[in-house]
């Protein structure tokens, strides 16, 4: 017996069995020999013989708990009920630490039979006997986690296991899953990281970490996990070609993914494999190859009658084929593919939507039906609402388009695209303030949305909030813009500066625009106008010269250059201007602007009759041109035809009422001696434009003439407030102050007048009279001498 036990312990089982058999032959009632021979048979996987010996051992010695235990272990898989009985008898005989395995195995059987409470009781008995058995903690934790929803208790069990064995990977993984169940993802990630640290090459652990990081919305870190998976060569990972292909595709290694799936489809040609292959080929922009893959999938899916089944799987193949055709710009083929997808699966909203897009691009009115159907099947189809909005917007039905944008915003409340498009629709609908609100929301969601800033600036420009428009244009120029948008921004801001009267900044913007479009004559025209307004007439002439190089028949440019020559104030400039005005009239005989400018030019050269003729021709071309009447009136006045001038000014005032025209009529009335009528005209001019200085000056002169010096003083002061460089107003106020005995003010005004016009004899003469009245004869004599 001792000899057999020795060989059994040394695992020399054949010799041990021979020895135990010899003992049994000598003593058939030897229970110990039966027990050992049964255990040896079990180790040799001779389970029938093992069970017979263990049954004999139990029969010979009913208190042999080991025989019950070992027989229970053998019966665990083939007869769980008898196994439980044997384990139960074993623990009944011996419930000490020595027989802890019986509790453990019975707990496992109970787990397999889904008797969770009984299983937990047995595992707790194991821990009561030996608290260092990790397997018991893990099993209790798994039952609580997977079946009883006791997540917090499960975490405690896994923590107990980790405290006993800090290197147990399974405990960390199980605890991570429990943490995930209670939405404690940071701790779940920590446990998975610990598990990866212990087993760095396990692909499943990397996948779990990626999944948890995705749920934490840490997308960059999740991406790193997928890249790490792509670099792994673990056998269990590479044996799953679909998973490997999807990971390689995510990493943009499309060729590797396609190669992997080609190998898989060669050995396992299934429709789903070809569909995945096609999708990855679409990602790789290999749409022709993708179409071939989808066709192979369709062929495999066909029934014996060569008909595709009416399933979503078949419809999806046509849908994906349609997407490929759209990418290839084969719209008719794409439309037919989507129609086939709808025929196979009539409730396919995306197929209706894509067919609607095809029809929209083909300019077929039926597209709206498809969008309507997509929305009916899927009320949360954001793209369908946006496409419907685009359709109605293209038809000018802006209110209906806006309603569809409203529905889209309900689905995606933070959609930059929806708010931007609704803003542009409101702009088209002329509701600029509402458009600004939507475009502002777009900018809040995306600070660098270039088109939103641009469109908002245009809206601000429309409602005359020019400073806000300037701010948006300024922000745009700080961003990285395409050449086309930068050009538009510079032009718009330049025009805005011109509207504000800031011609210097406008000129700078137009100059910068010429660098982006050096052959655009309109920009040089605008630069010329800016220089003219800035009184830089030589620069203006150069800009207009550049325009005429690009566009030699530009009438407006000849007129602009002629005006710039005129402003130089010398006779040569006037003659050069006359040539430009004549060229403009030669190019367009009906150009009223050119004729009026030529009329003023001839008037400046003293050719009054020819000037009168030009203004008259302008009136014949357009009898409603008030500027022509005004010009002819000034010529008539210079020719001494006061009544004709009065008639022309009245004709101009019937067409439009402006402060200059009223002032001009006042001057004519004054010359004709009708001072009350003249004063009435000046007062009306002031009411039309309270900032028109000349009306105040002329009214002050009448008050002075009527010896109403206090009123004259007030009106001269107002005129000088609006036009501080009017030397006549300064001198007249000085004389008025003299008569009002405002000595100090009179002195100051004479000084200002001399500063403004140091070579005016009248100023010195009047100051001499002032000094004479003060009996300061030396100063008076000096001024008279000057």
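Every residue, even glycine, has its Cβ placed from backbone N, Cα and C.
Through the fold, the repeat 'TPR' (31-64) approaches residues 1, 4-5, 8, 11, 13, 16-17, 20-21, 23-24, 70-71, 73-75, 93 of its own chain, all at least 6 residues removed from its boundaries and within a Cβ separation under 8 Å. Residues or ranges marked as repeat 'TPR' in TrEMBL: 31-64 (among others).
Residues annotated as repeat 'TPR' in TrEMBL: 169-202 (among others).
Under the heading repeat 'TPR', TrEMBL lists 271-304 (among others).
Secondary structure counts, DSSP: the repeat 'TPR' (315-348) has 27 helix, 0 strand, 7 coil. Positions annotated as repeat 'TPR' by TrEMBL: 315-348 (among others).
Marked as repeat 'TPR' by TrEMBL: 382-415 (among others). Listed as Cβ neighbours of the repeat 'TPR' (382-415) (distance under 8 Å, sequence separation of 6 or more from its ends, same chain) are residues 349, 352-353, 356-357, 360, 367-368, 371-372, 374-375, 421-422, 425-426, 428-429, 445.
Annotation comment: TrEMBL describes 487-520 (among others) as repeat 'TPR'. Residues of the repeat 'TPR' (487-520) grouped by DSSP class, helix first, strand second and coil last, total 27 helix, 0 strand, 7 coil.
Marked as repeat 'TPR' by TrEMBL: 521-554 (among others). In the predicted model, the repeat 'TPR' (521-554) has a mean pLDDT of 92.
Feature annotation from TrEMBL assigns repeat 'TPR' to 659-692 (among others). Packing against the repeat 'TPR' (659-692) from elsewhere in the chain are residues 626, 630, 633-634, 637, 642-643, 645-646, 649-650, 652-653, 698-699, 702, 705-706, 722: each is 6 or more residues past its ends and has a CB under 8 Å from a CB in it.
Residues annotated as repeat 'TPR' in TrEMBL: 693-726 (among others). Same-chain neighbours of the repeat 'TPR' (693-726): 659-660, 662-663, 666-667, 670, 675, 678-679, 682-683, 685-686, 732-733, 735-737, 739-740, 756, counting only residues six or more beyond its ends whose CB sits under 8 Å from a CB of the stretch.
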Within the repeat 'TPR' (382-415), residues counted as helix, strand or coil by DSSP: 27 helix, 0 strand, 7 coil
